[in-house]
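Participant: Per TrEMBL, the features are:
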ACT_SITE  102  active site, proton donor
BINDING   66, 90, 344  substrate binding site
BINDING   185, 216  NAD(+) binding site
SITE      142  site 'Important for catalysis'
């Protein structure tokens, strides 16, 4: 099941739980705007290459639309549409005044030089600058993009609209980025894990974790878990996989990857098959990579008691049902990985106010927002007698539906 079909399925289930009016139901499912543009740029060797760029703006009932821009060869309208819809529900669950959007360019950033990436980014911004904005649609980094990408978008957008630091988040600190933003998604994953384990009288200390994906999110999550006394027993990314039943020395692994650009040949653990990390013996599994990695083929073999979805849509609906029958507790992505967009919201607020926060305040507010959202999800689960995923979806959908009706959408 592709990402859009899976996301729509979860929305339909939540709408049924809520008894949503059929007209509102249809309105919430259809994106506000879909943008598709051609980005033709010169390569460094003088040849030209063309890429297709997308921006899906799903809903703005609760405020400006918000969502990342990813550079990846598999970017397509269905994936971007699904992720835009997820952002709508995610921002509603976190309870700050945003709607959802997502963007992307179908390219492989590893095959482009820095100057070629800059040209692609600037052309893409030129094509969509009049459709994004501080109070309209605020992009952020995602897979294959980073703070430098946001700096280029900010600069190009400012050529048309004047200096506008709040038009993107996830920027370099020197251009108005927020302290704590780089670690925010990983830290939010750890907060989500702590809150969930606490419900069962457990803590991170001495529990065994397997982490699939060791990029920005996975590496920060692993670092915080290591600091709190948790044992990360298996880690993987596209370069390799490492296991150690006694716990991996995460600081040493980070130094190794920084030097070797790979997890291979790390002396603090044994090599393992990449796909085996998902079914490795552990207490908590944290998928931090692509969507759909947990599916009907491997779900029955998952040994973790808890799954914290740090990636977007890592669990297919078929896998969801299998895991539920096994008694696995899943903390859904629209809550678990919301740390990044929460601190993006803080960055946007700081830019608009022209007043920057200390990192301690950023982290304190992040934990407060995630704690409140966790309580709201639990209340929804109790009201509708549903699992955590449906509790989170029902919470998000209900807030957006309520805002849509209050604004008088039928006029």
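Sequential numbering from 1, following the chain as shown.
From the backbone N, Cα and C atoms, a Cβ is placed for every residue, glycine too.
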Participant: Within 10 Å of residue 66 (substrate binding site) (Cα-Cα), which of the recorded positions 102, 142, 185, 216?
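Facilitator: Within 10 Å Cα-Cα: 102.
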Participant: Which residues of the same chain, at least 6 positions away in sequence, have a Cβ lying under 8 Å from the Cβ of residue 142 (site 'Important for catalysis')?
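Facilitator: The list for residue 142 (site 'Important for catalysis') reads 67, 68, 69, 70, 102, 104, given in order along the sequence.
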Participant: Residues near the substrate site, 66, 90, 344 excluded, by Cβ within 8 Å of the Cβ center?
Facilitator: 67, 87, 91, 94, 96, 98, 100, 140, 338, 340, 341, 342, 345
Participant: Using a 10 Å radius around each Cβ and counting other Cβ atoms from all shown chains, which of the recorded positions 66, 90, 102 yields the largest count?
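Facilitator: Ranked by Cβ atoms within 10 Å, first place goes to 102.
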Participant: In whole Å, note down how far the CA of residue 216 (NAD(+) binding site) lies from the CA of residue 344 (substrate binding site).
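Facilitator: Approximately 15 Å lies between the Cα of residue 344 (substrate binding site) and that of residue 216 (NAD(+) binding site).
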Participant: Between residue 90 (substrate binding site) and residue 216 (NAD(+) binding site), find the distance joining the two CA atoms and give it rounded to the nearest Å.
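Facilitator: Distance (Cα to Cα, whole Å): 20 Å.
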Participant: Near the Cβ of residue 185 (NAD(+) binding site), how many other Cβ atoms are there if near means within 10 Å?
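Facilitator: So the Cβ neighbour count for residue 185 (NAD(+) binding site) comes to 24.
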Participant: Looking at the binding-site residues 216, 344, which sits with the largest number of other Cβ atoms within 10 Å of its Cβ?
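Facilitator: When each Cβ's neighbours within 10 Å are tallied, 344 tops the list.
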